[in-house]
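One structure is given here, and the rest of the page talks about it.
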Amino acid sequence: MAEKVVKVGLLGFGTVGTGVVRIVQGHQDDLVKQTGLGIEVHKILVKDKEKSRSINGLDNKITSDPYDIINDPDVDVIVEVIGGIHPTKEYILDALEQGKHIVTANKDLMALHGAEILAKAEEKGCDVFYEASVAGGIPILRALVEGFSSDRITKMMGIVNGTTNYIMTKMSQEGADYADVLKEAQALGYAEADPTSDVEGFDAARKMAILTTLGFRVPLKLDEVDVKGISSVSKEDIAYGKKLGYVIKLLGLARRDEDEVEVSVQPTMVHKDHPLASVNGVFNAVYVHGEAVGETMFYGPGAGELPTATAVVSDLVTIVKNMKLGVNGRGMVAPYKEKKLKDDSKKLSKYFLRLIVADKRGVLAQITQLLANKNISLDQVLQQPYNGGQQAEIIMVTHVAAKSDMNDVLLFLKDMDFITEIKSCYRVEGGE
Ligand SMILES: NC(=O)C1=CN([C@@H]2O[C@H](COP(=O)(O)OP(=O)(O)OC[C@H]3O[C@@H](n4cnc5c(N)ncnc54)[C@H](OP(=O)(O)O)[C@@H]3O)[C@@H](O)[C@H]2O)C=CC1
Ligand SMILES: N[C@@H](CC=O)C(=O)O
Ligand code: NA
């Protein structure tokens, strides 16, 4: 029997909220053994009280008045699983004002307003944990903050959006078009009716902003992440990538060199031998390189009722353990490193380039000369007839180049009369 019961105010009873109730109820014995305290979902906030719920017997706990929970002196911890910025931000700040600890799964809120929320928590001596906000059930934030606290992380790469990874995987495995796979993903409920946030990379950017702030301990802002989505990735890019040994993934990259950082989300050619290349379907993975530890990778479900709820309830357990020890509000480390962002001349990577050119003598030589002028050399080249042989399609993978140099080359190429079209240009990872 637990000596005391910690009372939770659950804001939101949708996919994740339902999972939280199931885990708190179903794993109660284990939770008590680990914390010495019981955990009870005391009240639940919903928007529509009339909606039927998949868990019965909780009607007396359900309310549609947030302040019935936020102002309840019996509630120790607020679990926010509503989503969005407003009114959740106000609910969380008001709950902190009342001295309540917070667990949230809300990446939008934490990526945009995390600093303000954490500052308020520090002022009030409260805990705020948000493990579910990045890569759902994978305990990656805990790994960065605790597991790697003794190391200096130099690089993180994440497949942190399940919807786009599903689309890229299907396009790659079936040679299908982007638009057809997107429709199928929507029918299966993986992609939303308005898929913009996922397919244009904004969801992944929010997660990379959170990973960077925690992993590099720098106060990164969301608009400092370079973002490009997958809507322009063609099945031809995927097929040529495959021929040269690569798969395309929507990849988040956070890299630190000599205390300067770069953070981006973009479709990237990942070499087939890199561990991230085999992360398929809706699965997520985060690759972390530390100066001391070397290479590590975390893999698992990035969403879903129970996987996401495990992350939420584990945060809850941490708060309950802190309550028992009387150390709430002391476990968080605010970003303490100065942020220096790299300019494009320091962003280094290999590139994949696909061009349609006039099929004339000397064209390839002129292209390689343009690249050489910017110190860019080639790793692989493939040439195919295009448009019945009237033109040629040239696909190349460069050696490592600066982003500024590659941008200059693209500008030069645009002006060349022998270039019909620059079809695509992608960053390349792995295959060294
Ligand atoms: N679903 C997933 O797999 C994952 C979700 N997350 C994050 O978890 C959070 C919740 O997601 P999810 O469970 O999928 O969302 P759902 O849409 O399934 O559930 C949202 C819940 O919030 C309630 N709600 C919505 N607006 C209000 C409001 N203004 N006032 C009171 N209650 C409100 C809804 O009430 P009602 O039931 O009455 O409509 C519903 O119960 C989001 O931040 C999301 O990004 C993170 C990782 C994975
Ligand atoms: N839309 C997200 C869900 C979790 O955050 C995804 O596709 O990964
Ligand atoms: Na997580």
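A Cβ is built for glycine as well, from the same backbone N, Cα and C atoms used for every other residue.
If you look up TrEMBL, you'll see Lys207 marked as active site, proton donor. Residues or ranges marked as NADP(+) binding site by TrEMBL: Leu11, Gly12, Phe13, Gly14, Thr15, Val16, Gly17, Thr18. Taken from TrEMBL, the feature NADPH binding site applies to Lys107. The annotation L-homoserine binding site is assigned in TrEMBL to Glu192. The domain 'ACT' annotation in TrEMBL covers 352-427.
The DSSP breakdown of the domain 'ACT' (352-427), given as helix, strand and coil counts, is 24 helix, 35 strand, 17 coil. When the neighbouring Cβ atoms lying within 10 Å are counted for each of the binding-site residues (Thr15, Thr18), the highest count belongs to Thr18. Cα spacing between Leu11 (NADP(+) binding site) and Glu192 (L-homoserine binding site): 22 Å, rounded to the nearest whole number.
Less than 8 angstroms from the CB of the residue listed as 'L-homoserine binding site' sit Thr163, Gln186, Asp198, each of them six or more residues away in the same chain.
The two recorded residues, Thr18 (NADP(+) binding site) and the residue listed as 'active site, proton donor', have Cα atoms 23 Å apart. The sparsest Cβ neighbourhood within 10 Å, among the listed binding-site residues (Gly12, Gly14, Gly17), is found at Gly14. DSSP assigns Leu11 (NADP(+) binding site) to a strand. Checked against ligand 1, the binding-site residues Gly12, Phe13, Thr18 give Gly12, Phe13 as the ones with a Cβ under 6 Å from it, listed in sequence order.
Put simply, the residue listed as 'active site, proton donor' is 23 Å from Phe13 (NADP(+) binding site) when counted between their Cα atoms. Annotated NADP(+) site Leu11, Gly12, Phe13, Gly14, Thr15, Val16, Gly17, Thr18; additional same-chain residues within 8 Å of its Cβ mean position, judged by their own Cβ, are Leu10, Gly19, Val20, Val81, Ile82.
Every protein chain shown contributes to the tally, and the Cβ of the residue listed as 'NADPH binding site' ends up with 23 other Cβ atoms within 10 Å. Shown in sequence order, Val81, Ala105, Ala132, Glu305, Thr308, Ala309, Val312 are the residues of the chain, 6+ apart in sequence, with a C-beta less than 8 angstroms from the C-beta of Val16 (NADP(+) binding site).
DSSP assigns Thr18 (NADP(+) binding site) to a helix in the three-state reduction.
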